[in-house]
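> Below is the structure I would like to discuss, written out as structure tokens.
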Amino acid sequence: MFQPPSQTIRKNAKPKMKVLDPDIDYSKAKSVHSISSWWGIGGIFLVLFVGNITNYTNSHLPDGLRNAHLTHFPQAFIAERAWKDLKILNDFGPKPTGSYTNELLAVDFLNREISYIDQLKSRNQQLIMHNQIVSGGYVGVYMNKSAANVYRNVQNVVVKLVGRSEETTRHALLLNCHFDSVAGSPGASDDVGSCAVMLEILRVLSRQSEVNRYSIIFLFNGAEETPLQASHGFITKHPWAKDVQAFINLESAGSGGKEMLFQSGPKHPWLIEAYARSVPHPYAQAAAEEIFQSGVIPSDTDFRVFRDVGRIPGMDFAHTANGYRYHTRYDSIEYIPLPVLQRTGDNILALTKTIANGEELGSTERFAQGQMVFFDFLGLFFVSYSADVGLMINLSVVLLSIIIPFLSLARSTSGTHGKQIRSETMTGFLATFLGAGASGLLCFFIGLQLDTIGRSMSWYSSTNLILGIYCCPALLCQCLVHLLCNRLFGSKTTPLSLALKVQARLNGVNLFWGMITLGITFTGYRLAYIFMVLILFSLCSSTLISMLGLQNSVNKWLLVHVLFQVGALAWSTQFYHILMNMFVPITGRIGSSINPDMIIGAMASFATLFTCSFLTPLLFLLKKTDKLIAELVAITLIALALASSTHVGFPYRDDALKAPAVQRHYITHTVRKFFDYNGGERYTDSGFLLQELDRNAKKTIEGIAMPDTVTPMREISSCEKELFCAIPFYSIWHQVLFENYWLPGLPPIVRQVVTISLREKERLNDHEHRLHLVLNGSTQASLIIGPKAGSTLRRWSLLSEIPTAIEFNGQRGHFVLLTAGVESEAMNITLDIRHELKDYDGPLIDLLVTTTHWEYHKEHTPVFNRLLARVPSWAHVVPSVASVYSYTF
């Protein structure tokens with residue numbers, strides 16, 4: 001036991017508490033473990049510095065190879081060649097399914113380019129090309145809404161690079177992209193960039209002299225956005241589909257950046273092992289797979305069709321950076337530099353070679369054993385292991401991270417102060433737990449207030465504001481809670497030195513994250529690895545401190561702890577960037593019913609805790625905490641002032657700075673015709689439907705409509721008596737969830753209309769009737785079939801199953817999306833209706849048919865053009881023209 005230096009003690013002075021080391025400098029009445037108050041501010045700068053590094057690593061791409069490099073790299077992916085293909089596809093403009101640009105120009109270019117590749121291939125290689133025109137359909141369930149998805153004459157361009165095993169085992173690897181795009185977007189990243197990558201991979205592989213072990217099928221599909229129709233047509237009806245044993249799907253939910261592996265399998269770990277062996281630039285997170293499959297991201301890919309319909313294992317890749325440009329006019333080649341294509345091409349080419357030449361493709365089911373945990377660390381290296389191994393790793397790291405620091409601290413006190421160590425550990429746990437809850441509540445309150453004063457989404461185009469608006473208040477709150485817990489629960493007469501007390505508090509942080517890790521692990525989610533790795537850094541530092549005997553040293557233990565926390569900061573800030581890069585743009589297309597500040601505030605609060613929880617207890621080492629608290633308060637107030645009172649907090653941005661962050665709008669010029677049971681026209685009206693896609697859209701919509709007034713969709717007069725308000729729904733999955741507004745106006749010009757006529761009404765028995773309908777027209781359309789009171793739709797000819805009826809405006813109806821690629825002939829439809837009354841002979845159903853014309857600019861009326869001209873430059877509008885015909889049969 002250390003004895004303080006001899007000195008004269010006054011008779012009335014209180015005796016000093018014995019300590020374990022030279023903890024108190026009695027001449028200054030300060031702990032020798034204390035550090036300057038400025039180190040608190042230094043800690044903030046450390047977090048920001050590491051965060052900037054991880055932001056750089058998240059966006060850093062390799063240099064793109066040009067044609068001049070062919071001499072030195074004859075078998076390499078050449079980004080310049082892929083970029084030229086991309087430019088041609090991009091310059092066609094938007095390519096919605098059924099359009100001239102998609103069905104003729106894009107298909108013709110792909111056929112021509114593949115023919116060139118065939119002419120220049122190695123004499124050892126064999127290419128076979130098919131143009132598939134396919135019709136079919138399926139029932140899709142998305143966002144808890146069920147609908148029939150029916151397609152007619154959509155196109156696929158399919159190429160097979162024949163492998164050595166073709167004569168015996170016709171197993172193949174499938175590569176998939178889609179060349180169609182949404183209306184209003186050239187689709188450079190989503191997804192013709194992927195098609196350009198696939199063309200270059202086909203070009204490289206076809207020119208190598210060695211033939212791959214297994215065949216590779218390249219599927220360029222022409223109807224993904226409709227959604228997922230052409231891939232369904234391939235996997236259900238193409239003769240090569242039965243040969244596919246695994247697939248690689250290339251997609252995009254942003255514009256440029258790195259392609260992330262975000263879905264794999266299911267339960268085919270060999271795919272992840274192939275990725276680990278082959279990919280030179282890893283970027284993959286099992287957590288992204290579980291988050292995406294939870295449904296919180298409003299998107300889907302062809303992965304679902306291949307997995308669920310084809311029962312084929314595979315891997316799903318997507319570019320996720322710059323989601324602001326996703327599905328807008330800014331998803332163009334201007335924002336896709338060569339390095340984007342080079343990185344994706346290098347990775348997918350290497351992965352394709354590995355899978356196409358591996359033994360697993362010959363018998364995939366033999367290798368279908370369990371799930372994999374996988375992740376990369378800043379793109380520097382890739383880690384993967386089975387979920388069973390992950391369970392043992394998580395359990396071991398959590399237990400060791402708590403036990404080793406406790407034993408280490410107990411040893412440093414000769415085992416005499418275990419109770420005090422346990423008490424300080426629980427204080428650290430409680431402070432972390434309460435700090436998490438309090439910071440979340442504070443961010444909730446801030447988000448609520450910003451929304452109340454009309455400043456929602458102030459961080460949308462200036463994401464650094466999130467640091468000040470939410471992260472700083474969250475950190476401030478967590479620090480204050482630690483100080484409060486220290487005052488309420490910390491021992492005033494502890495024999496532990498300040499160094500030991502702080503280390504015990506840090507062990508409480510280990511306990512907090514350990515409980516979360518084990519809780520997630522035992523519920524079966526693999527994303528527990530995120531927290532395990534964070535704890536692992538703490539375990540490594542506490543183990544080293546124990547081995548070197550630095551527990552009670554003056555600041556040496558602190559140096560070891562901070563050095564390992566640099567790695568932990570790199571790990572945690574990487575996820576901050578991933579979360580914000582993904583979810584901030586998504587808030588611009590989730591509708592107005594959800595306050596997006598609640599979402600971003602909650603994420604920022606969690607990310608702050610995740611990043612700073614092992615640094616926050618260090619504030620007790622500061623001689624004074626006032627500088628740190630004052631800085632956090634100042635940053636918060638400045639950020640809130642910028643967000644609420646200046647143009648910095650304006651959410652949207654045009655492309656003046658080449659970084660657009662637009663507000664999204666859909667405006668549909670609509671004519672509606674209503675027919676009675678006898679086929680006579682009841683009435684006709686027209687107007688504009690304006691869709692509200694984000695929290696602030698209503699203000700913009702009202703400004704566009706001025707001086708006229710828009711009416712909320714559910715309040716228009718047709719809602720009182722017409723099926724589904726006779727709204728021109730083109731996608732029940734989105735429109736029915738969002739608010740829409742109606743503005744009366746002059747009718748549009750509609751030259752092609754999908755119509756329904758009754759050919760025959762047949763009585764099947766006393767209660768059942770069969771309606772023989774004829775659908776005329778070859779344009780994008782939708783049907784809503786609403787059985788009358790007492791009627792039930794029992795069977796139909798569209799598909800083998802009927803989707804669950806959707807409820808809207810107090811009515812129920814079955815939704816059918818009809819997509820036409822190449823022009824189609826008339827379509828016969830039969831509906832079998834059962835009525836509860838015997839020998840009933842009245843109306844059985846109401847039926848709405850909506851025809852939607854995209855990329856119809858030449859037919860816009862002057863009134864529509866004037867309305868579109870009012871849309872601000874910082875907004876992206878997708879105009880369309882629609883007709884709604886309402887029938888009763």
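Glycine is treated like the rest: Cβ placed from N, Cα and C.
Any TrEMBL annotation is an automated prediction that lacks curation.
The model shown is predicted, which means the values in this text are computed figures rather than measured ones.
Grabbed the feature section from TrEMBL, which reads as follows:
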- 37-56: transmembrane segment (TRANSMEM)
- 156-351: domain 'Peptidase M28' (DOMAIN)
- 391-409: transmembrane segment (TRANSMEM)
- 429-450: transmembrane segment (TRANSMEM)
- 432-642: domain 'Endoplasmic reticulum metallopeptidase 1/1-A TM' (DOMAIN)
- 465-485: transmembrane segment (TRANSMEM)
- 506-523: transmembrane segment (TRANSMEM)
- 529-550: transmembrane segment (TRANSMEM)
- 557-579: transmembrane segment (TRANSMEM)
- 599-621: transmembrane segment (TRANSMEM)
- 628-650: transmembrane segment (TRANSMEM)
- 660-887: domain 'Endoplasmic reticulum metallopeptidase 1-like C-terminal' (DOMAIN)
> Thinking of Cβ pairs under 8 Å, which stretch from 391-409, 465-485, 628-650 has the most of them with the transmembrane segment (37-56)?
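The stretch I would name here is 628-650.
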> Are there residues at least six beyond either end of the transmembrane segment (557-579) with Cβ under 8 Å to its Cβ atoms? List them, or say none.
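Same-chain contacts beyond the ends: 35, 46-47, 50-51, 53-55, 57-58, 285, 288, 320, 377-378, 499, 503, 506, 530, 533-534, 537-538, 540-542, 544-545, 548, 550-551, 603, 607, 610-611, 614-615, 618, 621.
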> Hey, which of 391-409, 429-450, 465-485 has the most Cβ-Cβ pairs under 8 Å against the transmembrane segment (529-550)?
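Stretch with the highest Cβ contact count: 391-409.
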> In the same chain, who gets a Cβ under 8 Å from the transmembrane segment (465-485) while lying at least 6 residues past its ends?
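Contacts of the transmembrane segment (465-485) (Cβ under 8 Å, skipping residues fewer than 6 from its ends): 427, 430-432, 434-436, 438-440, 442-443, 446-447, 450, 458-459, 505, 580, 584, 600-601, 604-605, 607-609, 612-613, 616-617, 619-620, 625, 628-629, 632-633, 635-636, 638-640, 642-643, 648-649.
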> List, by number or range, the same-chain residues at least 6 past the transmembrane segment (506-523) whose CB is under 8 A from its CB atoms?
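Counting only partners 6 or more residues beyond its ends, the transmembrane segment (506-523) has Cβ contacts under 8 Å with 390-391, 394-395, 397-399, 401-402, 405-406, 409, 424-433, 436, 531-532, 534-535, 538-539, 542, 561, 613-614, 616-617.
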> Any residues 6+ beyond the ends of the transmembrane segment (391-409) with a Cβ under 8 Å from its own?
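Same-chain contacts beyond the ends: 385, 421-422, 425, 500, 503-504, 506-507, 510-511, 514, 517-518, 521, 528-529, 532, 535-536, 538-539, 542-543, 545-546, 551.
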> What same-chain residues lie close to the transmembrane segment (429-450): Cβ under 8 Å, and 6 or more beyond its ends?
456, 458, 469-470, 473-475, 477-482, 484-486, 489, 505, 508-509, 511-512, 595, 597-598, 600-602, 604-606, 608-609, 613, 616-617, 640, 643-644
> Sort out the residues at least 6 away from either end of the transmembrane segment (599-621), same chain, that have Cβ-Cβ distances under 8 Å to it, and list them.
33-35, 39-40, 43, 47, 51, 428, 431-432, 435-436, 439-440, 442-444, 446-447, 459, 466-467, 469-471, 474-475, 478-479, 482-483, 486, 498, 501-502, 505-506, 508-509, 512-513, 534, 537-538, 558, 561, 565, 568-569, 572-573, 575-576, 579-580, 583-584, 587, 628
